[in-house]
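Participant: Here it is, the structure in full.
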Amino acid sequence: MEVTNVCEYEELAKQKLPKMVYDYYSAGAEDQWTLKENREAFSRILFRPRVLIDVTKIDMTTTVLGFNISMPIMIAPSAMQKMAHPDGELATARAAASAGTIMTLSSWATSSVEEVNATGPGVRFFQLYVYKDRNIVRQLVQRAEKAGFKAIALTVDTPRLGRREIDIKNRFTLPPHLTLKNFEDLDLGKMDKANDSGLAAYVASQVDQSLSWKDVQWLQTITSLPILCKGIMTAEDTRKAIECGAAGIIVSNHGARQLDYSPATITCLEEVVKEANGRVPVFLDGGVRRGTDVFKALALGASGIFIGRPVLYGLAVDGEAGIKNVLKMLRNELEMTMALSGCTSLKDITRDHVLTESDRIRRNLSRL
């Protein structure tokens, strides 16, 4: 069967992956309300297309932190990708480079920063959790920097791991033939590395619940790489992030895997963009499955978006080729949306091109 859109990869991946692995990738926290809302919120944003504009040539290129990329669609960090395919993060790195875009490597990857770097050229970011032992953080950051990674995506929404009930039911553990590669050669103090599942459980238990804004500042003393704060949802935290020296913000609810009944990221985007006011770029992840979703995020002020689960599903179904196809389909859909909306470059996409639920309510009230 020919795959014609990104969503079809999920069903194919569900058929192919072991239940425990598919559930780990697909699940959200608790009632999974936010998981559904991340998608449904996009469907409540409508277009205001402009017509009779020459759209013979469409330019989707952009820059992120000074790096030129082919399109405003990048790859979010996703843990343990070798559960989906033997090539794991290496396939993801190659697919991103081939598409001319950015990959973010999870610190809980099943491939190391050095292995990913060895796949060849490419702009890559490194996702980071802060651990109780700051020496581990220092080692991870320095390894990523040495391996040529260009930015740190600091996850700020995870003082504790969210409650994913399906993982509890499945008694999820990292399969015994895999390991969290970025921790293999670190000095982990008194850590007993008797088995790899033990390592994964240990690493998760070491995420620091005392993480605070001063740690964002501390990170800047141990690396020259720009810091993106991933997991910001409000104007207040946007203000704090910028005050603390963040180079950019990723509006994210962790793929709906942390606090259930958080709003969809697309719903929070404008608030964050307004507060940032052009001082730093604002990106979005969560729920993007169509080129129309990408356009809507750009119209509401995002400088680009990151996709997570679609990459995992493409990887599971067809390895590197699957990820390439996911990126290609989203690119083609974005190009089509731009053409049909009368936009020939990303700078042409404006707030006037979309109508949100709030816009419609205001319009209706103004008629009373």
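Heads up, the Cβ atoms here are built off N, Cα and C, so glycines get one too.
Keep in mind that this is a model prediction, so the values were computed, not measured.
Annotations for this protein, taken from TrEMBL, read as follows:
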{"type": "ACT_SITE", "residues": "His254", "note": "active site, proton acceptor"}
{"type": "BINDING", "residues": "Tyr24, Tyr129, Arg164, His254, Arg257", "note": "glyoxylate binding site"}
{"type": "BINDING", "residues": "77-79, Ser106, Gln127, Thr155, Lys230, Ser252, 285-289, 308-309", "note": "FMN binding site"}
{"type": "DOMAIN", "residues": "1-359", "note": "domain 'FMN hydroxy acid dehydrogenase'"}
Participant: What's the CA to CA span in angstrom from Arg164 (glyoxylate binding site) over to Arg289 (FMN binding site)?
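Facilitator: Rounded to the nearest whole number, the Cα-Cα distance is 22 Å.
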Participant: At a 10 Å cut-off from the C-beta of Arg289 (FMN binding site), count the other C-beta atoms across all protein chains.
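Facilitator: Result for Arg289 (FMN binding site): 22 other Cβ atoms within 10 Å.
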Participant: Count the Cβ atoms, other than its own, that fall within 10 Å of the Cβ of Ala79 (FMN binding site), considering every protein chain shown.
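Facilitator: The Cβ of Ala79 (FMN binding site) has 20 Cβ neighbours within 10 Å.
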Participant: Quick one: among the recorded positions Arg164, Lys230, His254, Arg257, Arg309, which has the most Cβ atoms sitting within 10 Å of its own Cβ?
Facilitator: Lys230
Participant: Over the domain 'FMN hydroxy acid dehydrogenase' (1-359), what is the model's average pLDDT?
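Facilitator: Mean model confidence (pLDDT) across the domain 'FMN hydroxy acid dehydrogenase' (1-359) is 94.
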Participant: Could you round the CA separation between Ala79 (FMN binding site) and Tyr24 (glyoxylate binding site) to a whole angstrom and send it over?
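Facilitator: Tyr24 (glyoxylate binding site) has its Cα 10 Å from the Cα of Ala79 (FMN binding site).
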Participant: Let me make sure I understand the span of the glyoxylate site: among Tyr24, Tyr129, Arg164, His254, Arg257, what is the greatest distance between any two Cα atoms, in Å?
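Facilitator: Pairwise Cα check on Tyr24, Tyr129, Arg164, His254, Arg257 gives a maximum of 19 Å.
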Participant: Using Gln127 (FMN binding site) as the reference point, find which of the recorded positions Tyr24, His254, Arg257 has the shortest Cα-to-Cα distance to it.
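Facilitator: When the Cα distances are compared, His254 comes out closest.
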Participant: Starting from the Cβ of Tyr24 (glyoxylate binding site), draw a 10 Å sphere and report how many other Cβ atoms land inside it.
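Facilitator: Its Cβ shell of radius 10 Å holds 23 other Cβ atoms.
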Participant: Which number gives the other C-beta atoms within 10 angstroms of the C-beta of Asp285 (FMN binding site), all protein chains shown included?
Facilitator: 29
Participant: Please tell me which one of the recorded positions listed here (Tyr24, Tyr129, His254, Arg257) sits closest to Asp285 (FMN binding site), measuring Cα to Cα?
Facilitator: His254
Participant: Of Pro77, Gly287, which of the binding-site residues has the most Cβ neighbours inside 10 Å?
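Facilitator: That would be Gly287, with the most Cβ atoms nearby.
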